């Protein structure tokens, strides 16, 4: 299985990079995983609704350019469906069963995802009703993908 994580913004925090690299290494036994970092759109602090839409649309264009037509897209969004780790594992397992060998997870920037990206998404996933920094979500997502593969293989994992 090929898994891409398309995300806005560069990861600067060393501790997050180390955590992500550790889970990518662990995941290499199960799947090929790539993280595609795209530049965030520079914007002042106090944006109007129209300016926010413009920023999200520009970031959205960059995201969509990195999504191949044959991939199953899962957008991380607060309004998405919440799943347990077992349900995420089941989603990944079913996609593999039905011949979907490519999954792309999308993490937006600080303003979220554009309407165009949300329309392209095959499903929307929420980890919580709380808002998390998009940099931290990368680590949480990679850990949950690793956990999903462990669950699907019947291997032990921490509950």
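Just so it is clear, glycine is given a Cβ too, placed from its N, Cα and C backbone atoms.
108 is the only one of 60, 108, 109 that Swiss-Prot places in the S-adenosyl-L-methionine site (with 76, 127, 128, 129, 130, 131, 132). Pairwise Cα distances among 76, 108, 127, 128, 129, 130, 131, 132, which the record gives as the binders of S-adenosyl-L-methionine, peak at 16 Å. Cβ contacts within 10 Å of residue 76 (S-adenosyl-L-methionine binding site), excluding its own Cβ and spanning all protein chains shown: 24. If you take the C-beta of residue 129 (S-adenosyl-L-methionine binding site) and look for same-chain residues 6 or more apart in sequence within under 8 angstroms, you find 78, 82.
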